[in-house]
Amino acid sequence: MTINTNNLTITISAASKKQYPENDWPEIALAGRSNVGKSSFINTLLNRKNFARTSGQPGKTQLLNFYNIDDQLHFVDVPGYGYARVSKKEREKWGKMIEEYLTTRENLKAVVSLVDIRHEPSEDDLMMYEFLKYYHIPVILVATKADKVPRGKWNKHESIIKKAMKFDSTDDFIIFSSTDKTGIEEAWTAILKYL
C-alpha cells in the first residue's frame, strides 16, 4: 500500500458509535496520556505542520477524531487520558466512549500506544496496554520525545518501559521524536503491516 500524505482530510469528530464513518477502511487508533505528543506524532508522520491540532492545553481532544489518510485508511485520535483537570464524570464519559470504540470497531487493525520515553509508564499507560492485550488488539508502542534523552540512554529507557509494561515481544516498539524525525520510517513500516 502506498500512502499519499498530501491527500488528507478530517472525516468526523465522533462522540458515539452511530457517528463512526460507514466505509470499510482500516483504522489505526492513537492512544496516550494528555501531552504525550499524539498530535505531533500524527503531524510528523504525515509531514504536515498543523493537520492534527496540537494544543498547549492537555485534554483538548474530547471526541474520536477520524483522519482520512489518502482515502485508504483512518487514523483515529483517541482522547488523551490521565488529565487531572477534567471532572470524574467527564473522564468516565471519555472512558466509555474509548472502550466502546476499541472493543466493538471491526475496522480497527492496531493501536499506536504512545508513552513518554523520559518517564516510567503511568498507571494509565499500564492499564491501557493491559486492556489492549486483553482484547487481543495489536499494539505499536511508541516512546515519544526521544530528542529529550541522550541517544546513549535510549536502550536503558526502553528497558525500563518494557519491563514496567510487561511488554509482549510480538508487539512493535518504536523510539520516536517529532523534533528530529527519529522513528518515522519504523512507525510507517509497523502501521502498514496491519493494513
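The backbone N, Cα and C atoms fix where each Cβ goes, and this holds for glycine too.
Not measured: the values here are computed from a predicted model.
Residues or ranges marked as domain 'EngB-type G' in Swiss-Prot (evidence: sequence analysis): 24-195.
Marked as GTP binding site by Swiss-Prot on the basis of sequence analysis: 32-39, 59-63, 77-80, 144-147, 176-178. Neighbour list (GLY32 (GTP binding site), Cβ cut-off 8 Å, at least 6 residues apart, same chain): LYS38, GLY80, TYR81, SER113, LEU114, VAL115, ASP125, MET128, THR144. Classification of GLY32 (GTP binding site) by DSSP places it within a strand.
Classification of SER39 (Mg(2+) binding site) by DSSP places it within a helix. Positions annotated as Mg(2+) binding site by Swiss-Prot: SER39, THR61.
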Item to complete: Would you count the other CB atoms within 10 A of the CB of LYS145 (GTP binding site), including those on all shown protein chains?
Response: 21
Discussion item. Looking only at the domain 'EngB-type G' (24-195), what is the model's average confidence as pLDDT?
Written reply: 91
